[in-house]
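First up is the structure itself, then whatever we jot down about it.
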């Protein structure tokens with residue numbers, strides 16, 4: 001080994017630059033002179049592993065917590081029951097409703113007085129306006145229709161109906177509510193229909209009863225009406241994974257434009273003008289990016305005319321635009337305030353920002369622990385509520401949703417103003433030293 005290679009390298013545990021060998025020297029990974037580098041890598045690796053591990057445990061627990069024992073909160077999903085029949089069918093149906101056990105894992109069945117609502121339109125309004133997840137209705141003259149079928153005067157009828165709107169939240173309907181309603185209907189057909197037939201055929205001759213049994217006449221049927229159906233297809237991409245992509249795109253946009261904003265720093269622009277310039281550039285860039293994001297769904301023929309007609313796509317674009325500004329603005333503030341001092345915070349922030357938003361947006365708050373009510377104030381929750389109104393014409397809270405997004409945007413700008421001002425103050429203080 002040459003004499004130059006035997007010369008020790010000046011090193012320091014406090015800086016990576018102090019342990020870098022000159023460009024003209026090369027050493028084996030385990031050379032004695034590289035030991036300071038080993039210690040520095042080990043020290044920083046242990047810290048980063050600890051930081052990321054704690055971050056993963058804390059952040060992912062938020063999402064897992066939203067799913068924890070979800071089935072035990074099924075009783076928070078309420079289905080209305082109304083009896084418009086004045087005969088034995090309605091009475092026995094309500095008896096079965098009353099006999100149903102009150103368990104946490106069962107959807108709650110709430111009695112609705114029959115004199116409160118009398119038309120199908122009113123029932124549909126109850127469902128669409130989120131008063132109930134669905135409504136079971138014993139139709140008018142259900143007993144008379146059943147008697148007519150037994151008499152041979154009518155071939156079939158739907159005496160009991162179930163109205164629901166899967167567009168409100170399809171996964172909850174198909175996983176919890178609809179299977180339980182179908183099971184309840186099957187139990188009624190199995191347990192009560194023979195009793196109903198017996199009561200309504202008391203005055204029948206043995207020949208008439210035998211004819212009913214021989215022909216296997218179906219005396220009672222249920223009808224299930226999905227009045228605001230979840231259309232699937234592209235809609236699944238929009239209101240599920242697409243919302244996660246919305247966060248990621250806003251994150252990437254903010255990262256890219258921060259590099260552009262850095263170009264203006266050496267020019268020493270007046271503070272308030274630099275702040276306004278930064279806000280304006282972010283607004284314009286998000287405007288274009290959100291349009292491209294929205295056009296993808298339009299290109300794949302998603303129907304946006306269900307609730308707002310021809311203006312539906314424009315409203316959808318507006319929601320995406322405001323959501324991107326709200327989501328991206330928070331990321332921008334993290335970069336302004338923290339990244340200069342601790343760059344590794346960004347990947348953990350992205351995990352945190354995705355999870356705290358999706359934990360409350362991807363499923364109803366009724367089946368999540370009470371602490372997740374914070375979701376009503378989150379950007380993604382409000383964006384999703386507005387988008388579901390646009391796509392499926394369910395209950396509209398779009399005014400509230402837009403208001404929440406605007407509040408996020410304004411608050412982000414205020415924090416950005418303070419963060420930039422503080423950075424300038426610290427920079428001036430350092431220059432004076």
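Including glycine, each Cβ sits where the backbone N, Cα and C put it.
Where the annotation comes from TrEMBL, it is an automatic prediction and has not been curated.
Per TrEMBL, the listed range annotated as transmembrane segment is 230-249 (candidates: 230-249, 370-389). Counted over residue pairs 6 or more apart, the CB atoms of the transmembrane segment (338-356) and the transmembrane segment (230-249) come under 8 Å in at least three pairs, which marks the two as touching. Tallying C-beta pairs under 8 angstroms between the transmembrane segment (230-249) and each of 46-68, 255-272, 279-300 places 279-300 first. Sequence-remote contacts of a segment are chain residues at least 6 beyond its ends whose Cβ falls under 8 Å from one of its Cβ atoms, and for the transmembrane segment (306-326) they are 246, 249-250, 253, 282-283, 286-287, 289-291, 293-294, 297-298, 379-380, 382-383, 386-387, 389-393, 396, 398, 401-402, 405-406, 408-409, 412.
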